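Note sheet for the following structure.
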């Protein structure tokens, strides 16, 4: 655990040249706080939950914010890496441990709030998720910082020193666009459990559903190439079984989260919002955060830092909005280019505001709870956001599992 905590929780304590930046911890704390709010409040206030497909809700900013702050931290952690192979092995090890931790927490091993059981069928374990995506962004950013930085004894400018990072980002974007819009998606089928389908024989256990596609460049939920790549590489049984696009009007989902038989076939299909193709542009968010970290590491005056960060943020925001106007959708499940740019710009603007408030004007006392959350981000994610604390509390019951401690606590608040 100690080896993977630096990915989310730590930054160098600093030396004489670069003191610890408190606003970075506060920013990370805001990410954790937002994650908790949207996880537990999204069912009550759908407007803050993830957008079903195109669009931006509050929850859609959480993942880019996390990736952005990981990028900043990478610039500080690997500011000096004299032994590149050793630094590479350490980065790979940390990323692998975080990836495996993500599979344990979100792969289906824990059965949620309504079950006291655990365990997962290896044929249906979910392979990708939040921590896995962060680990992918981390390793891409770390490898770029370790191997593609052109550090010299003379200061030659931030952009010139790290121009290969921008080249890597453009190359990743080009691959993403080529695969998203260039791949042909044929018709496909999948199997769902047979319960609830009236036209099946009584002894049928599975129901075959067909999705008509035969298109290229579609960015809808049914026929996009991102889903096709995940189904082919990972297998459809290893994808997220409850994608948020089931909340679209076309799917007509009921209040108890059941998709009716009459809904389009793709409404019943799994889809992973942290899939392989969308992880490419997610990694670019980490590279963008990396450039903000370079400004923090190399410029010592507040004015210079803010000018560079604001310049980056405005440029990304304008470009993202321009692409959206051209017809490139703002889409979190596909992690579209416009979504990546707009959310990265928002993260940059938020970080500028926090830096101004906390590190320049000194209002640190206002944000101490968030700073504490930022320093313990991974621990809070494991205990709270993964429902581990609730599951543990729920394991204590009186005579029958229904009389568990968590239900008693909820009843106390409800009947007051």
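One is the number of the first residue shown, and numbering goes on along the chain from there.
Note: Cβ is positioned from N, Cα and C throughout, glycine not excepted.
Annotated features, as they stand in TrEMBL:
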type	residues	note
DOMAIN	20-143	domain 'Heparan-alpha-glucosaminide N-acetyltransferase catalytic'
TRANSMEM	26-49	transmembrane segment
TRANSMEM	61-78	transmembrane segment
TRANSMEM	98-118	transmembrane segment
TRANSMEM	130-150	transmembrane segment
TRANSMEM	162-184	transmembrane segment
TRANSMEM	276-297	transmembrane segment
TRANSMEM	309-330	transmembrane segment
TRANSMEM	336-358	transmembrane segment
TRANSMEM	378-397	transmembrane segment
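Per-stretch counts of Cβ pairs under 8 Å to the transmembrane segment (276-297) identify 61-78 as the leading one among 61-78, 130-150, 162-184, 309-330, 378-397. Remote same-chain residues near the transmembrane segment (26-49) are listed as 8-9, 57-59, 61-62, 65-66, 69, 244, 247, 350-351, 354, 358, 367, 369-375, 377, 380-381, 384-385 (criterion: CB distance under 8 Å, separation of at least six residues from the stretch ends). Note on the transmembrane segment (336-358): residues 21-24, 26-27, 30, 56, 60-61, 64-65, 68-69, 72, 173, 176-177, 219, 281-282, 284-285, 288-289, 292, 302, 305-306, 309-310, 312-317, 319-321, 323-324, 328-330, 364, 366-367 of its chain, located 6 or more positions outside it, place their CB under 8 angstroms from a CB of the stretch. Long-range neighbours of the transmembrane segment (309-330) within the same chain, counting only residues 6 or more positions beyond its ends whose Cβ lies under 8 Å from a Cβ of the stretch, are 54-56, 219, 288, 291-292, 295, 336-342, 344-346, 348-349, 351-352, 355. Looking just at the domain 'Heparan-alpha-glucosaminide N-acetyltransferase catalytic' (20-143), the mean pLDDT is 89.
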